[in-house]
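S.K.: Structure provided below as structure tokens; questions to follow.
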């Protein structure tokens, strides 16, 4: 009886933690309960909902097999079933289907979680959409999916965009494909062209074809393929050359899409950022795609206006709110300082009351036109946000934003003509700055909306900012910033090592390098204070390079004295990790001192992949090639994805000290055990941080955790004490019991 109660409590605690963890995942995360009939889903995160296309209530309580379709390989299904029957972890690829029937290739990881007695509690499933990689394996599969999609009535825009995405993978990097349709007035409409710049697509919309209208317009006019390998030199692009140049386009091959009766439906085009001549295989590939596109466009013509209205506000002809939110992420990915502003005429409601709703729309149309003419630059993005407001985003240094917004206010100096009457308006503007993708787009919009609410409380033209770090200018922070800068210059920063040991024997096998600051003015300053300060003020790179120099000097000294070398772990912040000179900085130092990179382990945090996942994979791969090992610090705090770990190819997971401190709790211990099992399954080392008691040590030993560090063994020590320790061959405190 007591055992069952304990199991239920442990299960409840673990489930609560899994839900909290899954809610923060950027990739799909689900939990199933094998104790219930048919092993149903009991938790799904937002990413899984988006991936599957189902609502949460349609998912919970069902077995995951409903995602499978008729093209899913039966042998794959049987393999998964057998592994789950034997309670073994799964890592496979399986073809799944979204709610709308669109197939996607799913890289699937299923991890069984057990209690202290080895009894199965849950399965955790991680899904990664790898459709792009799988589609490149077979053009025939793409053709088959296209026909099936048309028969099932999928939206034509999604199907044609899949064709564009697939086509791009068959050409060199940077290729951008587009599909245009042609209406009865011989004007073009963009159907699928997400890789092309938005400004370029908007410029093409509703253009009339002719004998010299770039590659696409001319191809449709001539009813034959037009190959332009250099836009700068070709006369067909004379009227569009500046547009192409402004959007980084240098070559364009276009093929008209023609029915069997000779009617031109549109064009399929491939754009390149460099000059490019087609090969025979390229022409053959395009000729195989065009018949599929012809069939798709015939189906789509009666929905063309609906498609246009899905992205364009009919009153102002601006992108609408939905389109803006999608495009905002691209602007944020520039990793530069920028802003988002919501602009609302204070008199809008009054004008509608007096003149009617059409007058309100006319006001917004005129305001949008003035903002475009007065303020909008090539990189800015203006859209209709709500019926009463516009939304503007752009790249600006933070200290230049207010001056730029002043241009928006200037648009109200002259009256607006509404319902044959002159009206003057005032603007309420809410602004939030952003830097790169440090915040999600929804959060940036929310903060700007909050700033707008504050702006509405003021009279006249008014501007309000909202920033997350409004309190960063306190006197103490200013003092610490100044003293930290001086400390780096005056060499006040020191490095201490904390030994890393084998838990079974207590033998030291390596160290973690930790920065310490003894200020002349303040005395000892906690790392919890000065490390975040260094990150916030841009000094973290200098600080971490200082630590690296100290570590390399210590290794070189021991190497020169023919003493035993130990691997040393160095913490690297996100900003430093992505710095353009990160790899060259450390390689130069290692080369100059003739130290093998294997003696340095780079510790990064879980959130490193949230900044730029593909770049993170590349950097970690280059570190591995150079001979460095890598570690994920504070693992388990809520950001990592198992799929990310498999692609990161790190060497070690560090279990956060908060879990170790709470290891007496059954639910927390289950989490630690899961991390250790995960590391074993991925062939990684795991190390527990913050071990302080004999009880914690024995608990970690019992779940096969092999490595650890903490005050129970050694506190961080100056390098002189470290040398004395390892030179004497001392391994650990005498009170450590070895079983």
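Just so you know, the numbers here start at 1 and follow the chain as drawn.
Glycine too: its Cβ is placed from the backbone N, Cα and C atoms.
Among the features that TrEMBL reports, domain 'PAS' is placed at 38-87. According to TrEMBL, the domain 'PAC' annotation covers 88-142. According to TrEMBL, the feature domain 'GGDEF' maps to 336-468. The domain 'EAL' feature in TrEMBL is assigned to 477-730.
Describe each of these features in terms of where it is and what it packs against.
M.R.: Here the domain 'GGDEF' (336-468) has, by DSSP, the following mix of helix, strand and coil residues: 54 helix, 41 strand, 38 coil.
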S.K.: Counting each residue once, how many in the domain 'PAS' (38-87) are helix, strand and coil under DSSP?
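M.R.: Taking the domain 'PAS' (38-87) as a whole: 27 helix, 5 strand, 18 coil.
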S.K.: In the predicted model, what is the mean pLDDT computed over the domain 'GGDEF' (336-468)?
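M.R.: PLDDT averaged over the stretch: 86.
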